[in-house]
Structures are given as structure tokens and as C-alpha cells.
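Residues or ranges marked as glycine 1 binding site in Swiss-Prot: Arg99, Ser163, Thr238. The feature strychnine binding site is assigned by Swiss-Prot to Arg99, with similarity to another entry given as support. Taken from Swiss-Prot, the feature Zn(2+) binding site covers Glu226, Glu228, His249. If you look up Swiss-Prot, you'll see Thr238 marked as glycine 3 binding site. Per Swiss-Prot, transmembrane segment is recorded for 257-278, 284-304, 316-336, 421-441, and the stated evidence type is similarity to another entry.
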Amino acid sequence: MYRQLVNILTALFAFFLGTNHFREAFCKDHDSRSGKHPSQTLSPSDFLDKLMGRTSGYDARIRPNFKGPPVNVTCNIFINSFGSVTETTMDYRVNIFLRQQWNDSRLAYSEYPDDSLDLDPSMLDSIWKPDLFFANEKGANFHDVTTDNKLLRISKNGKVLYSIRLTLTLSCPMDLKNFPMDVQTCTMQLESFGYTMNDLIFEWLSDGPVQVAEGLTLPQFILKEEKELGYCTKHYNTGKFTCIEVKFHLERQMGYYLIQMYIPSLLIVILSWVSFWINMDAAPARVALGITTVLTMTTQSSGSRASLPKVSYVKAIDIWMAVCLLFVFAALLEYAAVNFVSRQHKEFLRLRRRQKRQNKEEDVTRESRFNFSGYGMGHCLQMKDGTAVKATPANPLPQPPKDADAIKKKFVDRAKRIDTISRAAFPLAFLIFNIFYWITYKIIRHEDVHKK
């Protein structure tokens, strides 16, 4: 009985021992096939080498899904700052974070415990990246203070996030017909350079494709909240290329132009009206005031165009400056008319004296002919001593007419009436112009722009 019990225990011990040997042998065989050693995990360096190193078989020159469906790249941008908008060169400057996301199944992993890996920017050269460029870019630069402003993140499922900080100068064709009450639309176009739509497609991120930093302000514009997102697919001789775009609406603020252009020109026009209250005999004062205001207005008009491109159409500021210059010049011409009318009495009296002199000479000649022609003496007169002399009509200088003062007063009153009418007509005409001007550009055309 005792011996049977010992045999049973020995058999059980041998069975368990054989099972353990088999398990260890199986684990070793499995680990050797998978390239792992028992009780050993990969280091980060070994893992990256295995994932995208030379021994991994990963080729950064070949896109994901090679010879398969195109790679979908979702993009979004975060605007850090919106720089100067320049009318002369028609461009704007912007600082952004550009983020691109795509899926590369070759970078999927399960051997590493982390759900995602934030890698050094130097690893960007080891993976495939979309060949994105900005179609309307005029200048750009990367940022490397204190290190390269780039981010590379790879998720377990092979999703890649590539973020980079850029400062861009982008072209922005502007319509300045309503300047400085205009609303400009500036675009940003993201396009593939070498991959056609058979290989690569850009799309906007569905959640927050374009984000703006809080408190972002521009010196002369208000950045509208509504932004238009769309596609701008390009067709070239080399193929059809994917392109996406965003349109920014910038409404110009008038504060600067009111202070620097509109108010000074308005005051110059009002100053030109002061001559209507100056005595018409003070010619030096009125002429000097008129010429000064004309020259000042000309300088002001030239200054308003200095910061603008030489376009072929008329801008709103051009109309304002032209009308102001017209009013100032008209005020100078008004004094010329006043001075001319006030001096007309002298010419009138001179002509009147000439006419009277001619009439008197004709009367004397006619009278002398009548008195002496009957005696056959013609124009000769016989004196008491018997001598004959030729009768010559008297030609005394005419005396000024008795109503000369009345005539002078009549013309002076006409000149004064011109000044009196101008004092009311000029401000009224300028007021009517202002009403039409501001209604047209601030209400009618402004609404048309917003409808578009």
C-alpha cells in the first residue's frame, strides 16, 4: 500500500515537470520567432529603429497606400498674429501653426505601451510627408528659436500629426474703389506641389479648421469672424492637383483716415470760405488766403495717394479730395469775379464819357455847319477887324456825370451780393455733397459688399 502511494506521487511529479519543460520550450520558440527574448522589452531607441529605421523596411520616399487609394490629409491652421496689410504691394503677413494629419499604416505599432509618441523634429526626415505649399505665397520663413518649431506625433494606429510654425507673406488682390471704407477679402491657398489627386487629397479638419488667437487685433482692419472654406482644385498640364483655401474678410477702420485726411481737408475747405467775409478791397489778403488753401489742398491730395498703388479706377478718397480741391479753387475764382464786378463801374463811366464826348463833337460840328453854310462862309468866322478865322468847335473835357456815385454804388452792391450769396451757397453745396458721399459709400456700397 505504501509502495503504491509512492509510485502515484512519483508519476504526478514527473507529469508536472514535463508540462513545465514543454511550456518553457514553447515560449522560447515563440519568442525566437517574434524576435523577442524572454523577460526583455524594447528600449525607445530600439523601438524607433525597428519602426522606421534602416532595418524596418520603411521607405520615406514612397507614400502610404502606394499604387492604392490617395492619401487623405486633413489640415487646420491656428493664427497667432495677423500682420500688416499693405495696399501698395497688395499682400498681407500672417503667423500660423500649420497642422497636417494623415494615416500611414506602416507606422502602426503595438509593441510599445504608449498610445502616441512625440518625436524629435529630426525624425521628420525619416518619414513620408505631404508636399504642401502655399499657392499665393510671396515669402515665408520657419522659426527655430530656441529650437525648430515643429511637432511630430505618431499614434498606435499609424496616424501622424505634423505641426509647424510659419510666418507667411501672401498676396491679396484688393479692390480699392471704396477706399478707405472698403472690405477686403484675402485668401490662403494650400496646394500639393507634386502629387496629383490620384495620390494625395487635402481636406479641412471638420472640427475647428481655422482658429484665431484670442485678442487678435489689426492696426487698420477688423478681422471678421466668418471665414469661407472651400476647394480650389488646380488644373495644369502636368495633372489635376488638390487645393483647399480659406478666405479672410477684413473691414477697414476709418479712424486713421478721418484724422489724417478727411478732417484736415474739411477744415481747409471751411478756411477758404473766410475770404467771403473779408472786404473786397483787401485784395492781398483774399488772394493770399485763396492761393494758400489751394496749395495746401493740393499737397493734402497728393499725400492721400502716396500710400496707395497707382490704379486706373477712381477711389472714394479721390472723389473726396477732388471735390474739396474744387471748392477751394472755386472760392479763389469767386473773389476774381467779385473784383471784376466791383471795378466795372470805372469801365462803364469811361465808356460813358467817351460816348458823351463823341456826341458833343457831333453836335458842335452840326451846329457850326448850320450857322455858316447859308452865308457861303463855310466854317469861317468874320471878326470885328475884318479878318476871317476858321471856326473850330470847342472840345472841352467832359465833366463827370452827376450820377457817377450812384453807378459806382450799383456795381459795388452787385459785387457784395456775390459775396453774400457765396456765404450761403458754398456751405450748402458742400453739405449736400457730404450727404450724398457718405450715404453712397457708408450705406449703399457697404451693403453691396456684404451681400457679395
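Using N, Cα and C of the backbone, Cβ positions are placed for all residues, glycine too.
This view paints the features noted in Swiss-Prot onto the structure.
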residue : record                 : CB count, 10 Å
Arg99   : glycine 1 binding site : 18
Ser163  : glycine 1 binding site : 16
Glu226  : Zn(2+) binding site    : 7
Glu228  : Zn(2+) binding site    : 12
Thr238  : glycine 1 binding site : 8
His249  : Zn(2+) binding site    : 18
Residue pair His249 (Zn(2+) binding site), Arg99 (glycine 1 binding site) - Cα distance, angstrom, rounded: 22
Rounded Cα separation (Å) that holds between Thr238 (glycine 1 binding site) and Glu228 (Zn(2+) binding site): 28
Distal contacts, the transmembrane segment (284-304) - CB-CB under 8 A, six or more residues away: 261, 264-265, 268-269, 271-272, 274-275, 278, 317-318, 321-322, 324-325, 328-329, 331-332, 335
Binding residues Arg99, Ser163, Thr238 (glycine 1) - maximum C-alpha distance in whole Å: 29
Remaining residues near the recorded Zn(2+) site, that is with C-beta within 8 Å of the centroid of the site residues Glu226, Glu228, His249: Thr185, Lys224, Lys227, Lys247, Phe248
Euclidean distance between Cα atoms of Arg99 (glycine 1 binding site) and Glu226 (Zn(2+) binding site), Å: 21
Nearest-integer angstrom distance between the alpha carbons (Cα) of Ser163 (glycine 1 binding site) and Glu228 (Zn(2+) binding site): 22
